[in-house]
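K.L.:
So TrEMBL says this about it:
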- 1-36: region 'Disordered' (REGION)
- 14-36: compositional bias 'Basic and acidic residues' (COMPBIAS)
- 48-88: region 'Disordered' (REGION)
- 61-73: compositional bias 'Basic residues' (COMPBIAS)
- 88-279: domain 'SAM-dependent MTase TRM10-type' (DOMAIN)
- D210: active site, proton acceptor (ACT_SITE)
- 279-338: region 'Disordered' (REGION)
- 283-295: compositional bias 'Basic and acidic residues' (COMPBIAS)
- 309-329: compositional bias 'Basic and acidic residues' (COMPBIAS)
Amino acid sequence: MSSEMVPAIVETSNVERKQDLGEDQEESQKLRLDEKFEPISKRQMKKLIKQKQWEEQRELRKQKRKEKRKRKQLERQCQLESNSDGNDRKRIRRDVVRSTLRLIIDCSFDSLMVLKDIKKLHKQIQRCYAENRRALHPVQFYLTSHGGQLKKNMDENDKGWVNWKDIHIKPEHYIEFIKKEDLIYLTSDSPNVLKELDESKAYVIGGLVDHNHQKGLTYKQASDHGIDHAQLPLGNFVKMNSRKVLAVNHVFEIILEYLQTRDWQEAFFTVLPQRKGAVPTDKTCESSLHDKTSARVEGGLDSDSSEEESSRNELDPPHEEEKQDKENSTESTVHSTP
């Protein structure tokens, strides 16, 4: 082999090595690129698209915010103009005359209720609070024996209750800070019927949702504490097709309405739900026998309604006297037989 051929072979081998090195570098670079830019998932792709849309619509969002500010300014101007007509709520609130009557919801029955009924009671209390805030003659509202399941439910589902205004929420029993002679317990089992409200008194509503399982409980508590008791004069003004049991908020609203109108019948028919089928007593043509029969029916109408499954606070007393009369007559018949 000649000396001229050797350098040529060396150069050729060097060129081949360079080509091989170049190919290896390209492959390694491709692998690095593949590692660096892994294929993205559909979810990641959606996120990238949303991000891009968000950035593209930035100016549009600014424009919408400007329009919203202008709209609110126009609404405020309209409200200011309506003030001159005297129809706005703030002007109406100036005419409020607060009553000295104290209205208490007694929450001492907490342990007798399941959580489902506790939640219903909570909603009824919320309604009472809202109605009292809107009333032209708001009462001195008390929530007593506040604790247990009720407080826990309010803490979890209605944390704003701690900021409620015009209400006295106390963990103590009402007997601890109100004189006995000032108290009147509203219970359907009482033989006493209210004729009018005495605004120097404190009226107690039993905070109990019991589906009529705890009959006579509020009456027993009033008797045990030596407290006066009475029922609202519902039977004197109203005939109802359904059972005569009202919710806590119904009793509360009836009292608020009476303080404004001083008319029991108007108060009852303003508050009672239409499903009760209530009609004035002077417009009914039912016989007294039918009245007694319908009054005994503690039927299952609306048995799941939170407004109806409530405390036995203020309605006609149960017909225990009639049952006693029947038992007495039965006993006398047995004794008289030879």
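Yeah, the Cβs are placed from backbone N, Cα and C, and that goes for glycine too.
The shown structure was predicted, so the numbers you read here are calculated from the model rather than taken from an experiment.
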K.L.:
With DSSP helix as H/G/I and strand as E/B, how many residues of the compositional bias 'Basic residues' (61-73) fall in helix, strand and coil?
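P.N.:
Reading the DSSP string over the compositional bias 'Basic residues' (61-73) gives 13 helix, 0 strand, 0 coil.
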K.L.:
What is the average pLDDT across the domain 'SAM-dependent MTase TRM10-type' (88-279)?
P.N.:
89
K.L.:
Within 10 Å of the Cβ of D210 (active site, proton acceptor), how many other Cβ atoms can be counted across all chains shown?
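P.N.:
Excluding its own Cβ, D210 (active site, proton acceptor) sees 19 Cβ atoms within 10 Å.
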